[in-house]
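One structure is given below, encoded as structure tokens.
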Amino acid sequence: MRGRNRLRQLHSSCTLQHRTQPISNLQSSTHTNQYPSKKTLTHNHRTKNKPEPVGDGDIKQWNMAITTHMQHGHYDSALHVFNSMPRRSSVSYNAMMSGYLRNGDFDLAREVFDKMPDRDLVSWNVMISGYLRNKNLSEARELFESMPKRDVVSWNSMLSGYAQNGYVDEARRIFDRMPEKNGISWNGLLSAYVQNGRIAEACKLFESKMDWEMVSWNCLMGGFVKKNKLVEARRLFDGMPMRDEVSWNIMITGYAQNKDLEEAQRLFEKAPVRDVFTWTAMVSGYIHNGMVDEARRTFDAMPEKNTVSWNAMIAGYVQSKKMDMARELFEAMTCRNVGSWNTMITGYAQSGEITLARNLFDRMPWRDSISWAAMIAGYGQSGFSEEALHLFIEMKRDGGRLNRSTFTCVLSVCSNIAALELGNQLHGQLVKVGFEAGCFVGNALLAMYCKCGSVEEAYHAFEEISDKDVVSWNTMIAGYSRHGFGKEALMLFESMKTFGVRPDDVTLVGVLSACSHTGLVDRGTELFNSMKRDYGILANSKHYTCIVDLLGRAGRLDEAQNVMKNMPFKPDAATWGALLGACRIHGNTELGEKAAEVIFELEPDNAGMYVLLSNLYAASGRWHDVSKMRLKMRDKGVKKVTGFSWLEVQNKIHTFSVGDTRHPERGRIYAYLEELELKMKKDGYVHTTKLVLHDVGEEEKEHMLRYHSEKLAVAYGILSIPAGRPIRVIKNLRVCEDCHNAIKHISKIENRLIILRDNNRFHHFNGGSCSCGDYW
């Protein structure tokens, strides 16, 4: 009782202290005792001039007080107790150091360590674990090597630190150096091999020892299941000397995820004990195989449910697009966690019900980084890019943690609206937190630069990715392709193979597209014909569309038709669209009509194809057919997509439509365009009036072409963006031939680099020419 009362005394006294004490107050010398024990008070009363030395029992009570304060996050109180101690042991310092580390304050922990007069083994081990927790492996290793003495805990800490950060070989070297190993050492290395997919080495290690604990058997079995090696997993399961619930759950989950639900059910029924995880494994298995009704029957039969069970069932309904059922379960759920809310928000966002997603988001009792990322991604995917960016700013103000997923979502939004300035700012933040080098965020950054028209910065981002995967290479190849740099795309393709990265079907789409947009017909056909032989890739509809587009653009329409006739499956609307586009370029109305008829059957609501055929009729002077197409669109309820162009100026998006009168600086823009047109005509510019889909006079046709959205956007860019900086304009439709011609002249007259992204590719206008070589 005396010790307990003493601890209460220390705790209550310290919590009354409001003054924050700096860490510099840590003292190694004797300090005046503000909190003496009852025994000390009695003794001092009797012998006022002879204070009794403090015993070890009293020091333990002070140390307990420090630990208690630290457990409750009361730094100042713990420090006050520490500074008030008449004498300290290494345990006192260790308690302070451990407390700071537990509460995430590494710097203060290090300061305590540095001020310790005498360090024991625990002190060194605690500090090493602090470095490892902060992923500072080099400092941890340096401290480890300088230790005067090590125990098995020291060695295991280093082994675990390397393993958890993916440095398996270094973990193995630590393991081999260990003078003494215990079960934690063996399990740590086995787990490192399994978690990093090095299952063969895990097996070899497992075979080198006989007396493994049950957790190790389960770990290796889980590794087999993760690699879809169910035969090996089952052999291990059958050979286990003992099994627990985890063993059964691993095997049931393995069979369920590999669509062997019959065997999963058989094991489920044989399991000697079924806990909530066993039942949840079956529910998840049914959901994984799209059997949501069976999952619900199992869910309803569960004798006990936990949050994971509810979330699994809700996720099943979300994946099946049954949001009403998901909502019903969600509302009935009494044990919601943040994952429950996130699943519902993601489901609504992916279903296009962004308002319902936002309502749930606003109702959340608390949010994590996934909540913010889900909502930002939902806005971005639904076309509400500005709302997504506003929410990102709100997240930062709210103190939300920026993780890789959030950065990736916001970079995707920047890509969609070509917000390069904001993208650059995000890049700076990525560098600051050290996220830019990994594939996940690095690929998103690379895609952002490609889609924002900054191909040079894209390549720099590509080079910065430390461990490039096939997505990195594909994104850069596709970026070069869309920017009209076909030769660079092909060079990168060759480098990819040199580095030992195997091309996939997406790679070949990018390379064939590059050949198509650059007119490299022979190289493109050669690659197409060698896909199966050289890379084991069977051509799909996208590859055939690329080769039809390649041949069609080159005017080899008969060859393009032959390719379509010999396809192993029926051409889709995209392939026929490529042929129709080629017919428009080369004025083949008869073949164009045939292609359009098929497209209208496959996709009757495809407004773009109606416009393409109308353009073909207009170029041939067949105005009656143009009118018929317009009537056909009206009768079928097909609406032509309104063309918009936009650009970013000082972190603000400016949007224009044809003949726009809403922009606050419209007077200045129109006046500038009139002056500019006079200069353009002197430079040889002539309006391409054959593209106007109205049978009117030439002068009226010129007027209709004069104020297209891309021209307004380019004009505003020249007026607003300082000389020497590129002007980047985005258009939601294909750039028209007249605007393409006009912007070439503008780039020459104004001596500006103008980068235009339409819905098909990029055009870099500079000095009167375009990167596409007028071949788009």
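Placed from the backbone N, Cα and C atoms, the Cβ positions cover glycine too.
As recorded in TrEMBL, the features of this protein are as follows:
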type: REGION; residues: 1-57; note: region 'Disordered'
type: COMPBIAS; residues: 10-39; note: compositional bias 'Polar residues'
type: REPEAT; residues: 89-123; note: repeat 'PPR'
type: REPEAT; residues: 151-185; note: repeat 'PPR'
type: REPEAT; residues: 244-274; note: repeat 'PPR'
type: REPEAT; residues: 275-309; note: repeat 'PPR'
type: REPEAT; residues: 337-367; note: repeat 'PPR'
type: REPEAT; residues: 368-402; note: repeat 'PPR'
type: REPEAT; residues: 469-503; note: repeat 'PPR'
type: DOMAIN; residues: 684-776; note: domain 'DYW'
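Long-range Cβ contacts of the repeat 'PPR' (151-185) within its own chain (Cβ-Cβ under 8 Å, at least 6 residues beyond either end) map to 121, 124-125, 128-129, 131-132, 135, 137, 140-141, 144, 191-193, 195-196, 198, 213. Each residue of the repeat 'PPR' (89-123) gets a DSSP state, and the totals for helix, strand and coil are 26 helix, 0 strand, 9 coil. Distant neighbours of the repeat 'PPR' (275-309): 245-246, 248-249, 252-253, 255-257, 259, 261, 264-265, 268, 315-317, 319-320, 322, 335-337, 339-340; these residues of the same chain sit at least 6 beyond its ends, with a Cβ under 8 Å from one of its Cβ atoms. Packing against the repeat 'PPR' (469-503) from elsewhere in the chain are residues 439, 442-443, 446-447, 449-451, 453, 455, 458-459, 462, 509-511, 513-515, 517-520, 523, 535, 537, 761-764, 770-773, 776: each is 6 or more residues past its ends and has a CB under 8 Å from a CB in it. Taken through DSSP, the domain 'DYW' (684-776) splits into 38 helix, 16 strand, 39 coil. In the repeat 'PPR' (368-402), the DSSP tally of helix, strand and coil residues is 26 helix, 0 strand, 9 coil. Across the repeat 'PPR' (337-367), the prediction's mean pLDDT works out to 93.
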